[in-house]
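Participant: I have a structure I would like to understand better, so I am pasting it below and will then ask my questions one at a time.
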Amino acid sequence: MSWNSTVGMVGMEMGVTELSWTVKELREWTVRSQCVISTEDGYECSKELPIIVYNMPDSLAVTSDPPGAMAEGKPYFLHCHIENIAPVQNLTVRWFKGSAQLIEDLQHQNSKVGPQNITSDLPVVPHLSDNEAHYRCEADLDLGPGGPTKLESVPFSITVYTGCAVEIIPPSLVVRYGESALATCRALAPSNGMGWNSTVGAVGMEVGVQEVNWTVKELREWSVEPQCFINPGNGVLCSKVLNVTVYSTPNSLRVTSDRHGPLAEGKNITLNCHIENIAPVQKLTVKWFKGDTEIMGDLSHQKRRMGPQNVSGDYTFFPNLSDNGTQYRCEAELDLGPGSPPKLTSDPFNINVYRGCPIVISPPTLVVKYGESASADCSTFVPHNGIGWNSTLEPVDAAKDINSVHWSVKELREWTVNPNCVIDTYDGQCEKELSVVVYSFPDIISTSASTSAMVEGRQYSLFCHIQNIAPAQNLTVRWFKGDTELKDKARPLSSEVEPQNVTSELVIEPVMSDNGGQYRCEAELALGPGSPPKLTSDPFNITVYTGCPVEIIPSSLVVRYGESALATCRALVPISEMGWNSTVGVVGMEMGVTELSWTVKELREWTVRSQCFISTEDGYECSKELPIIVYNTPDSLAVTSDPPGAMAEGKPYTLHCHIENIAPVQNLTVRWFKGRTQLMEHQQNSSQVGPQNITSDLQIIPVMSDNDAQYRCEAELNVGPGGPPELESDPFTITVYTDCPVEIIPPSLVVRYGESALATCRALAPSNGMGWESIVGGVVKDGGVQEVNWTVKELQEWTVELQCFINPRHDDQCVKGLNVTVYNTPNSLRVTSNRHGPLAEGKNITLICHIENIAPVQKLTVRWFRGDTKILENLSFGTSVGPQNITDSYTFSPNLSDNETQCRCEAELDLGPGSPPKLTSYPFNINVYRGCPIVISPPTLVVKYGESASADCSTFVPHNGIGWNSTLEPVDAVKDINSVHWSVKELREWTVKPLCFISTYDEQCSKALIVLAYTFPDTINVTTAAPGVMMAGNNYTLTCHIQNVAPAQNLTLRWFKGSVLVKEDHGPQDTSVGPRNLTFDLHITPETSDDGAQYRCEAELNFHSAVAKPPKLTSKHAISVAGDWKTPVIIVLIILCLLILCTLFALWYRRRRQGNYSVVQTDIPLANANGKA
């Protein structure tokens, strides 16, 4: 072999199988090289090697023609210059704009060999949106595997302009007044000169430059329009305007208000946003914020005036209580585009809003122990004209220059006191009452009862004693059993405020579990904060006895016949005497003992009754019986069979358990066991007393597996503790044989129609042959096997009689049958009904369960369910063979509780092991309604006489017509709607009873709309028979006059003295209709403290549950009371008498000191020395 080539020739070589062609430096552009071989049989051939010699370009660049910036809409060319590339026939040039490919240029038509310089052109017509777009070209030599990678040019960016070929940087200028300004104008095409025209900072024409700057060191003009001009070389000057905005930020930004201090809810307030010295106002936007939420924007500042100005924006609103503590602020923004100054925000303006009377009483409720000090503070948070306390004890005059006023009492010794804090605000006067609760609390409480020893089931009373407590209506008495609060909770019904003695009773009926229980009571005055602590009584212990309070040891007695018996009776409560009453061993009544024994040396009676009886100290007599059982264990226990001997498989036999001489038989239990497994338990029902011979029977039908099984019986006298142990018989072993010694597996066969069936017959003894007899799948006798299979691939018969036969070696042929059941599950299972739609309560409905194509129906059970509860089960569906369609029905009368109940039926083929699963229908929903199936909205209509009235009546069931019967505007029945409207434009009847009626498929019924027509007087007034000043202590009558009101039966009249309700009256409860004139009297006996008191009556029409409610009307009447004249007159007379006495005494004393005496003659004799005259 050899290589024939234009360069690097390799001569013929012998004895080789491969040969290399090598060129160290390939410097020819066209090379041909062939591999030549000569086979051993002289055949010569050659194969050429394709060779491509390439060179990558020295450079790859993009230029434009003409160069420089491009005018919008004019044509240009982009050139891709590729230098020194080969072979050009395999070159592809691709153009890209950004990442998008534009065109692909193939150079296949060039046949020149060796490297060349290639130029690829791309025509473009630029748009202004192409400004700064990037173009590039890509050179790809497609030489196949081993070829070079693609080369890309550097991106070429183009500049596009429109109009004048200049670019101003920045395109617009935002300058703060007095600060420097700078802009640059750059030529986008060759020019013969350029400059700036401006009222400030102008720049003359400059030649030979491509950009020129406009500069102002301090811009102090509000209106400036600089223009950059250029001479583009065609002799036509053009210019471009620089948009300059001069601005000034405000000196201050603040929010003020037309109101000061906290604001009453619902009062309007206006907020003012003050912006000082801002420009330009045409670009100003003012926004209002509530918290962080914008609530209003003001854009209407269209003033044309240049320079800074003062601007204000208002926001008026009506705050509610939810605005309390809210912060409002305004925001000023100059929207000048890029370079705009930042937004300015005012400081937050807080709004404080209050509702009701603007005073705070601390504490709001005062709980004070009688005789101790009491105090409270009343403060306000709003400007006011005065604040103080009105009280019957220690009132405090109103003061202006304080925001808090203190009320205090050193020793509170009144049970009822109602201080009021009063304030006079700029919006009016109001007041709040301090709730004062005065209490008295006992030091201890106690419990008691008639006795602490109690008999189970009898009622007893426990008492809780609480002395000197007030206010009793706030007292709660709780009873506890241990730590568990009982349900009985007592609260006195007294309305007295002064101290009282309270006793709470708890009735109990103890049970034995209450023995040793502790009861206690707890007293609590629930007065809110400041309430006194709870008080708890000492525990009261009870002892409970069941039946007769004695204990017999032991509680029951089990004695073997002929042995001794002993029992002791112990009293559990104090007694007067006790004894034993018995059929044997009587013990007479003994006194002064707490326990007594009953003894018998040899108990030789089968029936014994013995009772312990006591008499307690309070005369209660009772007794308790001691249960006694006398027993005897059997002399023998054995098992036999009937008939005796070995047992044939499948035949019935009886096993006997013989028990001799046992008592009492009523307590005897006989248990049968097979091995260790209990089979049955037999209890004797004989009532005979004394020992007897007992036989217990066990029926068995043995199978071959029972061969050598052991049976035994067990006798147990169940007489409780102390009874004898269980007795067992000896094991009894049985021997079993079979008539036909075969076993069929499975013992019964359940097969779905059309599916395969398999059963195995196995010999249990040596045989001469066995097989199967059947109308399908029979198997002929096969000798020498121990089992044979019956197989059917597809069982297509509904009745199959199958028997396995065998020829035992030492017996005649016998057979054993296999029960085969063929079934089919239903194609569908569903529930239908004879009724449609909602059902009236009590009406019959029949549900039908449809079961299609099921067999065998003899084994079918259909069950009905309501929810998850089974309600009906049916088993009898005929004796037909093969699949059938079955229906089963369930009829019932649903009630309202059955509404939305789901009913379903369930089908089950009970075929034993291998039965198919149960099938259940989809649920059938029952919708039930009660009464007339209509809804009137509203159910009660309250209408002012002469105004309009309307109501709607709707139904939710199918019907034959629905309408309104009424004396006013009746509505005829309509079938095709579910709602009907009744309306009256002007209701001018006092009695109207519209009835909505409906005709359902079951019956016709109706419902009445209750219409209450009313009229209410415009005013009411109060008069008195004695106008003018009232005398304290005299009786007077105030009369409240109400005219033209209806219905009077619904009128409630309330009398108030100030804000205190003193009397409540009701209108006449007769049957009259229409408006009436009514009067109501209030009898008063005024006191001097009532001077200036205001009495008022308030009228209200009360319609209870009705939605509409007329307003209340009130009338006031102030009274003046003159004081009692007798008391002052008496006081003046006493004072005058005292002055006269003092004057007389003073004159007498003065005369005595001056020595003036009077001598009066007397006839009284002088006494002698010894005292005798």
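Just so it is clear, glycine is given a Cβ too, placed from its N, Cα and C backbone atoms.
The feature domain 'Ig-like' is assigned by TrEMBL to 57-155, 250-345, 442-536, 634-716, 826-920, 1017-1114. Per TrEMBL, the feature transmembrane segment maps to 1129-1149.
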Participant: In the domain 'Ig-like' (442-536), how many residues does DSSP assign to helix, to strand and to coil?
Facilitator: 6 helix, 51 strand, 38 coil
Participant: Kindly state the mean pLDDT of the domain 'Ig-like' (634-716) in the predicted structure.
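Facilitator: Mean pLDDT, the domain 'Ig-like' (634-716): 88.
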Participant: For a three-state summary based on DSSP, what are the helix, strand and coil counts in the domain 'Ig-like' (250-345)?
Facilitator: 6 helix, 52 strand, 38 coil
Participant: How does the domain 'Ig-like' (634-716) divide up by DSSP, counting helix, then strand, then coil residues?
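Facilitator: The composition, in the requested order, is 6 helix, 50 strand, 27 coil.
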Participant: With DSSP as the reference, give the number of residues of the domain 'Ig-like' (826-920) in helix, strand and coil.
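Facilitator: Going by DSSP assignments, the domain 'Ig-like' (826-920) contains 6 helix, 52 strand, 37 coil.
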